[in-house]
Structures are given as structure tokens and as C-alpha cells.
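Here's what Swiss-Prot has on this protein:
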- His15, Asp164, Ala165, Lys166, Arg230, Phe231, Asp239, Arg245, Lys246, Ala262, Lys266: ATP binding site (BINDING)
- Asp17: Mg(2+) binding site (BINDING)
- Glu43: K(+) binding site (BINDING)
- Glu56, Gln99, Asp239, Lys270: L-methionine binding site (BINDING)
- 99-109: region 'Flexible loop' (REGION)
Amino acid sequence: MAKHLFTSESVSEGHPDKIADQISDAVLDAILAQDPKARVACETYVKTGMVLVGGEVTTSAWVDIEEITRKTVREIGYTHSDMGFDADSCAVLNAIGKQSPDINQGVDRADPAEQGAGDQGLMFGYANNETDVLMPAPITYAHALVKRQSEVRKNGTLPWLRPDAKSQVTFAYDDGKIVGIDAVVLSTQHRDDVSQADLIEGVMETIIKPVLPAQWLNKDTKFFINPTGRFVIGGPVGDCGLTGRKIIVDTYGGMARHGGGAFSGKDPSKVDRSAAYAARYVAKNIVAAGLADRCEIQVSYAIGVAEPTSISIETFGTGKVSEDLLIKLVRQHFELRPYGLTAMLDLARPIYQATAAYGHFGRNEFPWEATDKAEILRADAGL
């Protein structure tokens, strides 16, 4: 493989689309806390002065949508009208209805193990050995930058920061191996009274340098910090936000393929979410077992059918065993039916709001990041 560049981006928790994702998942968590068997599809729209929460829910639980919404916005940091968006004064509109009985009859079964998929679709999981969390480096460090922005904003280190921010990191590769960072972009919302010089110095010294490994930076690395020169108007005032619009940020930063389905606001019966988590679990364990340096798995489903309609694996020439053997091992050691994968990863519980900012993958607090199958996969592969 020749020399090449690869870029991934991330956005902060205060980005309008991420506000929407977090509200949708906060509603989901509140419902699952009372009713683990609930069916939830919650979508959120945010714009200046308002939040619209809609979707379809089937549950025995009652939750206070308005209070959940305000609490989520408050925790993100939109707490004053001078930001253009205030958790305590924004309007909250509730347009949630019931899930279609046509979907219910396709999903629910007398035998829970035969629960059908909540929809058709294809999902991908991916892992590689570029980082210690077995994720691509560009998305890993793009997330780390905006996570650091949030930390220094909230702890007062840089008090002039505001919640909305974006990052982008370009890595240079030679023969598939990282040789450095070519470019870094970080744009952050800020108070009107901070100078561009102070902002650039603060971001470089407090956010960028502590996050990016020094061995990957050199005299030719390009830095673009608030390149427009001003980012005072941000959040829902600057752009409207919608649930599910940051699917590449949420996954692998473009280094793996994507089936198109978003995650936030969906309960585990929706394979868009749960099967993508299971696919990451499979791919990560294959790489952790040393069976490949890079692994991408695709699974697909038909609505109302429990068994996946297909499983395929690609190791990009890095596999230590055949891809046919890998598929056989996956079928032997992983449960990919909707009910089974929900049980395997313990997904029917309120763990989702934390996933809705800074990526769903590469964070070891989540069950689909465990590598507990690596040892048996390696043994059964004969390595």
C-alpha cells in the first residue's frame, strides 16, 4: 500500500445534532429503567428556543419528557439565554405516539429467543490494531480532542469556551502504518470577549498538545484553530439539530463501511443499533485474538426473522486464517439473533445516553468492547 492520508471528524456534546442524539437516548434510558422490554424509537429536533421530541413508543412506563429534555440540555451546558439556547426557557414539544401493531406482530414471539428483527437492514462492525482500543486512530483522536474541549470548558480551565465544537484529524500512512499527523482542525464556540490570539494559544496548549501523541506531530503538521476567525453563534441558534445525523462520527470515522442506520433513540430490538454493537464485539474479538490486523464484518436481517440473512467478513489481506473459518467461528461463539445478542451484551438496560456523544465504539465502559471471546477464538482457530 502506498503512502496516503486519511481523515476523520468528531463533534462535541454541544453540537446541535449531538444534543438531539443525547435527548433521544436520555428518553430511551428513562423508559428502559422502568420497562426493559419497552419498544422505543425516539427522534429529536432542536432549533433556537425549542426542542421537538417525537417517535413511537410501546411501554408500561411513564416518563417526564419535558424534564428529561431540560436536564439533558442543562448538563450539556446550555444554561443561559445569552448562548441563544437555555435549558430552562426553551419550549419542549412532545409528539410521541405508539409503535405500529404491524411491527409488534413481526417482532414479538411466544418464545423470546425467536424474537424477530425489528426491521430489515445491514450493519457493519470493524476493528483494527492501530490503537490500544482496537479502533482507527483518526476517529479515536478526533473524539479525544472534542472530549478534552468539554472537560476544560466544564472545569473552568478555559472559561470562555462554549458547548459547540468540531474536530478533524488527518493521519499520514505508509504501507498501512501510521507515520504521523498531517493536519488538525479544531473549531470551538467561544464567548465574544476572547481574542483570537488567546483562543489559539489556549486551544493549542490546553486541548491539542495534551491529547495528540508528540511522536506523530512534526514541523510540517498543519493546525487550523477556528479558521474562520470567529465562532460566537453556535449550537441550535447556528444550526438545527436532528437525531441520527452523525452516523460516521458515531462509528469508525469513515474507515469502515456503514449500513446507514442511526443508533440513538432506538431500543435493542432495533438491529440498526444492537446488531451494529454485536458486530463491533465480533470484529474486536477477532483482532484481539490475533486472527487479523483489520476486520470488518457485515450482518443483515429481514424484519420479523430471527436469524441473520447473511454474515460476511473481510480482513483486507491481514487475516491469519481463512475468512470462511472466521465466519464458522463467529457462528459458533457469538449469538447474532436479536434476542440472543441483547442477552449476550446485556443491552436491555439504561446505558445509552453515555453513547450519544464522543463515539459508540472504542470506549471500554461499554459491554460490546469486551474481548472475553479472544482466547477461545484463538484456540479454536488453531493458533
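Cβ from N, Cα, C; glycine included.
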Q.
Using the alpha carbons only, what distance in Å do you get between Lys266 (ATP binding site) and Glu43 (K(+) binding site) once rounded?
A. 9
Q. Just how spread out is the ATP site if you go by the largest Cα to Cα distance in Å among His15, Asp164, Ala165, Lys166, Arg230, Phe231, Asp239, Arg245, Lys246, Ala262, Lys266?
A. 36
Q: Fewest other Cβ atoms within 10 Å: which of the binding-site residues His15, Arg230, Lys266, Lys270 wins that one? Let me know.
A: Arg230
Q.
When you rank Asp17, Glu43, Glu56, Lys270 by Cα distance to Asp239 (ATP binding site), which of the binding-site residues ends up on top as the closest?
A. Asp17
Q) Of all the binding-site residues given, namely Glu43, Lys246, Lys270, which is spatially nearest to the residue listed as 'Mg(2+) binding site' at the Cα level? A) Lys246
Q: Out of the binding-site residues Glu43, Glu56, Lys270, give me the one sitting nearest to Arg230 (ATP binding site) by CA distance.
A: Glu43
Q) Between the binding-site residues Glu56, Ala165, Lys246, Lys270, which lies closest to Glu43 (K(+) binding site), Cα to Cα? A) Glu56
Q) What kind of secondary structure is Asp17 (Mg(2+) binding site) part of, going by DSSP in three states? A) helix
